[in-house]
Amino acid sequence: MAAPQSRPRRGELILLCALLGTLWEIGRGQIRYSVPEETDKGSFVGNISKDLGLDPRKLAKHGVRIVSRGRTQLFALNPRSGSLITAGRIDREELCAQSPRCLININTLVEDKGKLFGVEIEIIDINDNNPKFQVEDLEVKINEIAVPGARYPLPEAVDPDVGVNSLQSYQLSPNHHFSLDVQTGDNGAINPELVLERALDREEEAAHHLVLTASDGGKPPRSSTVRIHVTVLDTNDNAPVFPHPIYRVKVLENMPPGTRLLTVTASDPDEGINGKVAYKFRKINEKQTPLFQLNENTGEISIAKSLDYEECSFYEMEIQAEDVGALLGRTKLLISVEDVNDNRPEVIITSLFSPVLENSLPGTVIAFLSVHDQDSGKNGQVVCYTRDNLPFKLEKSIGNYYRLVTRKYLDRENVSIYNITVMASDLGTPPLSTETQIALHVADINDNPPTFPHASYSAYILENNLRGASIFSLTAHDPDSQENAQVTYSVTEDTLQGAPLSSYISINSDTGVLYALQSFDYEQIRDLQLLVTASDSGDPPLSSNMSLSLFVLDQNDNAPEILYPALPTDGSTGVELAPRSAERGYLVTKVVAVDRDSGQNAWLSYRLLKASEPGLFSVGLHTGEVRTARALLDRDALKQSLVVAVQDHGQPPLSATVTLTVAVADSIPEVLTELGSLKPSVDPNDSSLTLYLVVAVAAISCVFLAFVAVLLGLRLRRWHKSRLLQDSGGRLVGVPASHFVGVEEVQAFLQTYSQEVSLTADSRKSHLIFPQPNYADMLISQEGCEKNDSLLTSVDFHEYKNEADHGQQAPPNTDWRFSQAQRPGTSGSQNGDDTGTWPNNQFDTEMLQAMILASASEAADGSSTLGGGAGTMGLSARYGPQFTLQHVPDYRQNVYIPGSNATLTNAAGKRDGKAPAGGNGNKKKSGKKEKK
């Protein structure tokens, strides 16, 4: 019972000593522990968290872990208690063999501090191995002539334990002839020898049986036995003898197998068979047996297997020479293995912190490396460095450890993965090196906004597009990765024509494709300005803007619109008047059209599709002016029908047509007379209605002439000013601008003289419109003349049958305004497609007004005529406010004055010195009327 109680106390004493030793070593700067071998897994070794000054509960947070160079992890860290424990069963003999002290060095890594702490653990031997003989039965041959005191070596027992637990003693079973003597060698080994105490007599006893016991000093002690059979031989009194008791050999570790080391020779003075010697290894362990080979006949020793200095650098063995008489001779062989640089340095990545943020500070630890070379001396000295010009460097840590740190800031957009080559080279000759690749990933941060290739774009879309049609595709590039590079697109909200921009355009937030939500109309919207924003999904998100100009392209989707002549509302066709005295190139009327399209789609051309009298009229290709292609003849019909087409230049082209009816007559009464001379159908209702219309027209004409006479009387005091202008030959003297009104008022004045004869080509209805003149207030801006409202009287005429229904020509649409190029051209005195121009300065305006005043004043002269000659105010077609002075209707030559056989002629004819052409024509026609 005493032995079991003493063992726990001794264990406690050992742990106490180990703890005191640990504290002492900590004070010296290194942590040391000790632990007995063969302890169970998880056995306590030491409180490393306390020794490092760390809180056991925060070990995981600090990243504390055990690192060691060996492949087998012997120790582990208890994360709860912070204690160093065994990771498994530890066999001291396997780790350190026969070394007096078994020390295991490990390292403790504190990752958050980037530090390594060395820990030295001593494995304490326990008596867990029995002394063991290599054989269980041993045969010893002794010659009978052996003298007392002769010694015979016995096999040694091997105990892997050390200290007191190792082999301590041998015991021999009791007998009368032999005793046991134990010798202690230079290395501390004990060698048993069998000593002959009494002379042998083979004839008395030929064999002896002994038992040899080997015991260690453990508690309790362990032992093993071997049986010894002693055979007494006949006389052979000389044993083999080696010339040297010890042989020493040095050999390089890279010597190939079969290399001869040396040859040993033992001499035996006996003759014959008793002098023949056989050689063999006597003391050799299991590891040495396959490495060396001994020729038993010659004594030659050679290498049987490649040597390795790193495994074992020194070998000790005994060579035994034995003759046939069982006489033995012994010698020792000591082999020293010399190191050669045959091992490359080994680099082990202990810890790698990947990925690393691209904004990490310089000096950030990337990895811990362990470098080791199994060679010795300079062959085992290693230098470590990195290849290429990379932003990393190696720093020396404790022992053979290095840490890889950054030298500067990283940029993932330039390099996202670094292949770091770590070179480890020894100092041997020649030096050996090792390359180790470390793949380091750089983690992205959101440091780049999305960017467009261009700051602005222009896109085009045809009008009348389909809803949902794709317009344009935008792409922004973000050099970041993952969510930092996920780009979303948006359009900044705005208003367009009072509506939100999002009702016209939408953008796919993922692809950046723009879509049209509405069908665009070029005539309403011609361009849109968009601000597109590209944002990434980082935290915080980054964005950039780009301006997009979206232009709507015109299509030929609008046909030309005819503004003049305006289409009547009753279905009738307006009648344009042309005097029979008109020469070639006389401007009859002008077709005015516009196209709401633009560009080529709005270029208009005019052409004559159909005419009742081919070759009589022509239409200007670009102006739309209807002119006489030749002089009018008496044989030409009174009513001419023209169909004019207006066509744009789109693809395909669109067109519109208008039908014009031209009445060929020198005066309005002549028109009425000739219209009345047509044979209408007999209808009593139509005849009475025609009579009423004729009377109404005559009455209105009289009132109009009376109003003109009164107006001319009021303007008589300015007559001398007008005559001065005429006598100067067309050159105007300075007339104050304040006496005249602008161009728009001149147009209004011209409108007061508008006369429209609407003759329906396809019906028997027509009506003649006489506007009441109101030019007094139009021309005088400073005089207090009374302003008269214009009176418009409409009279219908029946051509063939009297019908109850009648219509009135609608005036032109006043909503439209003409540009300078769209205004009607000059009078019939001009030829071709030339267009007239509006007065563009004050002098031209005053001159125009003076001519109007002069013409009006000449009407008061009874001897003067108002015939429509060239350059006079001849009768033109449908005069609106857009016509120039040359289109003012010459109402004087078309009005018959009762009680006088003279007709009013244009005073301009007198000034020009020309005979009034229109006057002669009127006289002839008057004669015809008298005959009728």
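FYI, residue positions are counted from 1 along the chain as it appears here.
Here the Cβ of each residue, glycine as well, is placed from N, Cα and C on the backbone.
Taken from Swiss-Prot, the feature signal peptide covers 1-29.
Residues or ranges marked as domain 'Cadherin 1' in Swiss-Prot: 30-133. According to DSSP, the secondary structure content of the domain 'Cadherin 1' (30-133) in residues is 17 helix, 40 strand, 47 coil.
The Cβ of N47 (N-linked glycosylation site) lies under 8 Å from the Cβ of S81, G82, S83, L84, each on the same chain and at least six residues away in sequence. Positions annotated as N-linked glycosylation site by Swiss-Prot, on the basis of sequence analysis: N47 (among others).
The DSSP breakdown of the domain 'Cadherin 4' (348-452), given as helix, strand and coil counts, is 4 helix, 53 strand, 48 coil. The feature domain 'Cadherin 4' is assigned by Swiss-Prot to 348-452, with sequence analysis given as support.
Annotation for N414 (N-linked glycosylation site): no same-chain Cβ neighbours under 8 Å separated by at least 6 residues are found. Taken from Swiss-Prot, the feature N-linked glycosylation site applies to N414 (among others), supported by sequence analysis.
With a 10 A radius on its CB, N419 (N-linked glycosylation site) counts 12 other CB atoms from all the protein chains. Taken from Swiss-Prot, the feature N-linked glycosylation site applies to N419 (among others), supported by sequence analysis.
The DSSP breakdown of the domain 'Cadherin 5' (453-562) into helical (H, G, I), extended (E, B) and coil residues amounts to 7 helix, 49 strand, 54 coil. The domain 'Cadherin 5' annotation in Swiss-Prot covers 453-562, and the record cites sequence analysis as its basis.
The N-linked glycosylation site annotation in Swiss-Prot covers N545 (among others) and rests on sequence analysis. Close to N545 (N-linked glycosylation site) in the fold, though at least 6 residues off in sequence, lie T492, L531, V532, T533, A534, each with a CB less than 8 Å from its CB.
Taken from Swiss-Prot, the feature domain 'Cadherin 6' applies to 570-682. With DSSP states grouped into helix (H, G, I), strand (E, B) and coil, the domain 'Cadherin 6' (570-682) comes out at 14 helix, 46 strand, 53 coil.
For N685 (among others), the entry in Swiss-Prot reads N-linked glycosylation site.
Sequence annotations record features per position, and here Swiss-Prot assigns transmembrane segment to 693-713 based on sequence analysis.
Look at Swiss-Prot and you will find 714-932 tagged as topological domain 'Cytoplasmic', backed by sequence analysis.
What Swiss-Prot records for 804-841 (among others) is region 'Disordered'.
What Swiss-Prot records for 902-932 (among others) is region 'Disordered'.
Note on the domain 'Cadherin 4' (348-452): mean pLDDT across this stretch is 91.
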